[in-house]
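Below: one structure, written as C-alpha cells.
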Amino acid sequence: MSSAQSGPGSQKYLQPRNSRSGPPGPPRAASAPETSDLGPYPGGRFYAKPHQCVAIPADLRLCHSVGYDKMVLPNLLDHETMAEVKHQASSWVPLLNKNCHVGTQVFLCSLFAPVCLDRPVYPCRWLCEAVRDSCEPVMQFFGFFWPEMLKCDQFPQDDVCIAMTAPNATEMKSEAIVEHLCASEFALKMTIKEVKKENGDKMIIPRKRKALKLGPIRKKNLKKLVLFLKNGADCPCHQLDNLGHYFLIMGRQVKTQYLLTAIYKWDKKNKEFKKFMKKMKSPDCPTFPSVFK
C-alpha cells in the first residue's frame, strides 16, 4: 500500500522464496550497453537471448519515473528494440493516470522495463492479481479487457519475484492528491477502528467517517462501510501502523466490494495537504476522452 503515489516514487524489492508479501526529466544520452552471459538459476528461469542493460529514456513515459535508471533489453515481453518498447508501453500510460491501483507502475514496468539483474525476475502473482482486480473494471468501462499476455497465473507464487513497498508516507504533493481524488469514485475522511485479514485481502473497518465524495456509496450504507485492499493481506502499508489519527481514504467500487486505492494522513499542518484542502472544493480534474488513445 502507499500514500497514493501509484507511479513516481514507488520502490521495488525482491520478495524471497515462499513469502507473500515528477515529471520526466530532460532527455539524456544513453550509456553504452552492458552485456552479460547468463546461466540458469535455482528457480529455473534464465535469459533466453543475449541481453543488454540500457538507460531508460525520458520518453518512455510509463517507466521513466519508476525508481531505477536502467532496464534489460529485450524485456520480459520479448520486445527486442527500444522503439518497440516505447510503442507498446505508450498504450498503458492513460491507465497509469487513472490511479486504479498503487502498484500499477511497478507491475507494468517489471515487464516492460525490467530492472537490470543477472537473471530475469518476474512480478509476484499477488501483485498482478491486485492490479488486475482494481484496474480491469476501469479498462472495461472503455471497452478493453485484461490481456492474455498479462495473465496472472503465469507469474511466480512461491519464488523470488518483484513486489513493491510504499513510498515515504510523508511525501505528498497537493497536485497528486487532487489527481487521486479525480480518479477515485469515492473519498472519505475517517478514523480506523480495526485492520484485519480476510481471504487474502486486507480489510479496513472505519470508526468515524465523513463523506467527501460519495460516488457509488449510499449515505445509509456509510455506517456499515468496510474497505478492502485487494490481495493485500500481507502487503506492507506503513500508514496503517498508527491508527490514532484521521485519514483521507479514496477508492473504487468493484462488484460488491469497496476497494482502497489511496490513503493519506489527514494532516492540516502539512503545507501540501493544506493546499489540497483549498483545491478540494472545486478540483481541476483532467478529462480522458479515451483512456487508451
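For all residues, glycine too, the Cβ spot is worked out from N, Cα and C.
In TrEMBL, annotation is done automatically, which means it is predicted and not curated.
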> Mind checking which of C63, C152, C161 has the disulfide with C109 in TrEMBL?
Replying inline: C63
> Choosing among C124, C128, C135, which residue does TrEMBL name as bonded to C152 by a disulfide?
Replying inline: C128
> Among the disulfide-bonded residues C63, C109, C128, C152, whose Cβ has the fewest other Cβ atoms within 10 Å?
Replying inline: C152
> DSSP on C109 (disulfide bond), three-state: which is it?
Replying inline: helix
> About how far apart, in whole Å, are the alpha carbons (Cα) of C63 (disulfide bond) and C152 (disulfide bond)?
Replying inline: 20
>> Using the alpha carbons only, what distance in Å do you get between C109 (disulfide bond) and C128 (disulfide bond) once rounded?
In response: 12
